[in-house]
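Student: Handing you a structure now.
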Amino acid sequence: MTARRILVTSALPYANGQIHIGHLVEYIQTDIWVRFQRMMGNEVYYVGADDTHGTPVMLRAEKEGITPKALIDRVWTEHKRDFDSFLVSFDNYYSTDAEENRELCEKIYLALKAEDLIAEREVEQFFDPVKNMFLPDRFIKGECPKCGAKDQYGDSCEVCGTTYVPTDLKNPYSVVSGATPVRKSSAHYFFKLSDPRCETFLREWVADLAQPEAANKMQEWLGAEGEASTLSDWDISRDAPYFGFEIPGAPGKYFYVWLDAPIGYYASFQNLAAKKGIDFDAWVGPHSTAEQYHFIGKDILYFHTLFWPAMLRFSGYRTPTNVFAHGFLTVDGAKMSKSRGTFITAQSYVDTGMNPEWLRYYFAAKLNASMEDLDLNLDDFIARVNSDLIGKYVNIASRAAGFLVKRFEGKVDEAALAHPLLEQLRQAAPQVAHLYEAREYSKALRLVMELTDAVNAFVDTEKPWELAKDENKRAALHAACSVSLEAFRLLTVYLKPVVPNVAAGVERFLNVEPLDWRAIDKQLSAASPVQAYQHLMTRVDAKQVDALLAANRESLQATAAPAAAGAAIEPIADTITIDDFAKVDLRVAKIVECQKVEGSNKLLQLTLDLGEGRTRNVFSGIQSAYTPEQLVGKLTVVVANLAPRKMKFGVSEGMVLAASAADEKATPGLYILEPHEGAVPGMRIG
């Protein structure tokens, strides 16, 4: 079979924070697939980089009193350390702030311009008069122009789900300085995604997407064929001051970070190609026969399935073979939380003494090819790792290796290796390979654990510890241990993409060459004696998990410290009279039912009891902070006399009160109000 040529990427982590376990879902998912492809003998390159440009990096560097370059260099070192700790096997890990990326950005931009796909337009934006800078969407907050909810970002309302432009906000303020922004016009550059050529191409390209959810989402964005295009042109420029690449021929204008970030995939590969003598153009040119896959989170599907392929298609590059999106991570059924200690950083996991392969295995046991979210249930994590990896898999070697080394000098009984159990394991190879290829890791590991159960059943039946007591059963002992260790070798082949360090330990003690998929058709040889068994993995101790949570838990005092130090908060509203306040009817309400709103990643639909003899329907933009299961049965506070509002999902008959920080990036979290014990539905608050 001819080896496939495959270029693989994961989304680029932003150079403004630490790697946490939510990030690791994607990198572990990608790495397992890449390691499997290498084991299959394919030529595969896995490249990544830090996403380094943009306003947040610039402002953080300013806050720390260092240059943006010093900041991104430090963060790169931290990110690379974390990826190495979790065995993420990049062939090249680079930075978007690299000369290769600058040149590629300029080349792609000029090619799109030559195709008449770049337009210059005047754009009115908010400008911070204190910081003397234009404000990106997420650095402006104010009141929603539709429902009036306060403290909403400049692009969308988390309460009613409305999207808008920043200049639509009422009473806006700068998250950076707290100042009231002014409106200013500026020339911006747009990629003309609405061009009929882009629409025609994207309708053809979407047909090859592997994930139905992604294809359906793209069809939703593209709209019905034959109707007017629903695609909007994309603003690819930002005004100085900005940390990034200046646009050719446009002084003071910079490429938007979301333009240069995906191009960073190619920049990293070009850097690798120069070092290894790879023909870069043969891999990424328009006639390339190589495969190209992007693993991403579902929140950035829009950029990777609309802008990125269209940019590549019309600038003279090949387009992605496919884009694979995954869901979000929750911990114990809830969004990761600093106060609960479940916002777990990669470094804290390692520092606590936790084995990275425990997490690799657990994530793999939960991952499939869909975009559904996955949950890290800590009790299940302990139980599954201890049961599957230690109790089932590692236990096979520990039960057989000692006898073989002590009684038979480590030499297997080759004649015994014709056992039907081993043929059963080998026959599973095509199915295991298919499941890895399809990214159905949970199914692959379920199958491998079924095979592991069969091997343990064999060991339990043969009872080598009993055979060892009777010298007349020496041959049976030799055969049982030989079959057990050969079975263990085959199981290790199947598990190697997930637990590569354990596999390396197995290779050493079994005295075999590095295992690849072809090793399934080989077997242990008496000419290469098995070495003394070395411990491969320890059990998870619940105390370690407790220590991990404690290490990541922030006290309320620590969380509040930035505000005390003078961080920007929403300005206090104008003074009102007691009569004004009396117009707002705040009531205690019980959450009777709660469910996610189909088609929205922000809203929850709540059924509330206000003691009126009927229930009310209320939509609330708190899905990022709570699961429906967490809210049912709780008491909360509602604006009861708010006029009903018709939304595309239904009518909302009130507003649930929730608190959040002015800068949710710096201090993430939404918190609904809960009355103390004793309050009952219908009580008025005043």
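For all residues, glycine too, the Cβ spot is worked out from N, Cα and C.
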Student: Of 150-154, 180-184, 335-339, which span is tagged motif ''KMSKS' region' by Swiss-Prot?
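Tutor: Of the candidate stretches, Swiss-Prot labels 335-339 as motif ''KMSKS' region'.
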Student: Out of 13-23, 211-221, 552-562, let me know the one Swiss-Prot marks motif ''HIGH' region'.
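Tutor: Feature motif ''HIGH' region' in Swiss-Prot: residues 13-23.
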Student: Roughly how many angstrom lie between the C-alpha atoms of Cys157 (Zn(2+) binding site) and Lys338 (ATP binding site)?
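Tutor: For Cys157 (Zn(2+) binding site) versus Lys338 (ATP binding site), the Cα atoms are 24 Å apart.
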